[in-house]
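K.L.:
According to Swiss-Prot:
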BINDING   H119, H123, D310  Fe cation binding site
BINDING   V141, V142, S143, G144, G145, D174, G187, D191, N280  substrate binding site
Amino acid sequence: MGGLMKKNTVILGIESSCDETAASVVKNGNEIISSVVASQIESHKRFGGVVPEIASRHHVEQITLVIEEALTQANVTMDDLDGIAVTEGPGLVGALLIGVNAAKTLAFMHNLPLIGVHHIAGHIYANRFETEFKFPLLSLVVSGGHTELVLMKADNDFEIIGETRDDAAGEAYDKVARTLGLAYPGGVQIDKLAKEGEDTFHFPRAMMDDGSFDFSFSGLKSSFINTLHNLRQRGEEPNPNDMAASFQASVVDVLVSKTIRAAKKYDVKQLLLAGGVAANQGLRKRLIQEMKLELPDIELIIPPLSLCGDNAAMIAAAGTVSFLQGKRSSYDMNANPGLLLEDI
């Protein structure tokens, strides 16, 4: 590659914020040359959630192998890269450190620019593999740790116009799944059951009509757990499909109604779905239906399932945007579990 004629920007992305160790080579911020993800789901399953200590240990074991595999699959060497992008935060500090230290070491050894990336910016930029962004745009970010409505008027310009005041939607999914005795990760299991059930329990829709774009899922979670507990105390075992469908209907109602209201208010050109819960079939289906009805002129962009969960291609995509804007991180960059999206 190299030389003055070089037109392509080739970035290595590294992601280790939670329980996936991932590396990816991306060209021009929108073409995946390779993407390798080592998942730890099996190791965390018996604990019903991610154990930070176990996650860190897995990252240490996997990080070098995953990076080497990504370079091999892409048929590139370190000399072909223009820079290295890595998730700087938010996430589990011990997990983040593994990726950050690997990226810093490689960047230093090969004299390459280092670009720290916000994990949620990555989820949003996963949509760049689908299409170019048209501003202003709105992203509904739904994951295990985040539920946010993010307005963008330009690349890397993030304004959070709504967020959860307590539990993230993905967190509520996992807790509700545990009370039903479902395996981790719970979101997928609830989604499957919900397809076969009906919304017979009519759980609360918190903050649905309060005028803000904020969310709250702790009341729904409590209502679900109490309903299940009361039924079991009476010797009844409720239909898990209906319980799941009722829970999911409540979450999806709130997410979709607030998103559509925000899209109307801010007169956006595109609506993006982002984050792990973007894989949820119930949410996807409902968003597509409601957008067709309410906002047929706004382009709805939903990432493929392979790019909803944590991956490094999205980090490379977001990193490419920062790289082309001239943003660089210094070699003393550290893992930042409390990194704010609006600060980047």
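From the backbone N, Cα and C atoms, a Cβ is placed for every residue, glycine too.
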K.L.:
Measuring Cα to Cα, tell me the gap between S143 (substrate binding site) and D310 (Fe cation binding site) in whole angstrom.
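P.N.:
Their Cα atoms are separated by 10 Å.
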K.L.:
Restricting the comparison to the binding-site residues H119, H123, D310, which residue's C-alpha is spatially nearest the C-alpha of G187 (substrate binding site)?
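P.N.:
Going through H119, H123, D310 one by one, the Cα closest to that of G187 (substrate binding site) is D310.
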K.L.:
Rank the binding-site residues H119, H123 by how many other Cβ atoms lie within 10 Å of each Cβ and give me the one with the fewest.
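P.N.:
Least crowded of the binding-site residues H119, H123, by Cβ count within 10 Å, is H119.
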K.L.:
Go through G145, G187, our binding-site residues, and report the one whose Cβ sees the most other Cβ atoms within 10 Å.
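P.N.:
Checking each of G145, G187, the winner is G187.
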K.L.:
Rounded to the nearest Å, what's the C-alpha distance separating V141 (substrate binding site) and H123 (Fe cation binding site)? Just drop the number here, would you?
P.N.:
8
K.L.:
Sequence gap of 6 or more, C-beta under 8 Å: which same-chain residues meet both conditions with respect to D310 (Fe cation binding site)?
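P.N.:
Long-range Cβ contacts: E15, S17, C18, D19, E20, A22, V37, H119, G276.
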K.L.:
Apart from H119, H123, D310, which residues in this chain have a Cβ no more than 8 Å from the mean position of the Cβ atoms of those residues at the Fe cation site?
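P.N.:
Neighbours found: E15, S17, T87, I120, G122, S143, G275, G276, N311, M314, I315.
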K.L.:
For G145 (substrate binding site) and H123 (Fe cation binding site), what Cα-Cα distance in Å is obtained after rounding to a whole number?
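P.N.:
Cα to Cα, G145 (substrate binding site) and H123 (Fe cation binding site) are separated by 12 Å.
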K.L.:
Using C-alpha atoms only, work out the spacing between H123 (Fe cation binding site) and N280 (substrate binding site) and round it to an integer in Å.
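P.N.:
Checking the Cα atoms of H123 (Fe cation binding site) and N280 (substrate binding site) gives a distance of 15 Å.
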K.L.:
Among S143, N280, all listed as binding-site residues, which has the most CB atoms within 10 Å of its CB?
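P.N.:
It comes out as N280.
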K.L.:
Please give the maximum pairwise Cα distance, in Å and rounded to a whole number, for the substrate-binding set V141, V142, S143, G144, G145, D174, G187, D191, N280.
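P.N.:
Max Cα-Cα spread across the substrate binders: 18 Å.
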K.L.:
Quick one: give me the count of other CB atoms within 10 A of the CB of V141 (substrate binding site).
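P.N.:
V141 (substrate binding site) is surrounded by 26 other Cβ atoms within 10 Å.
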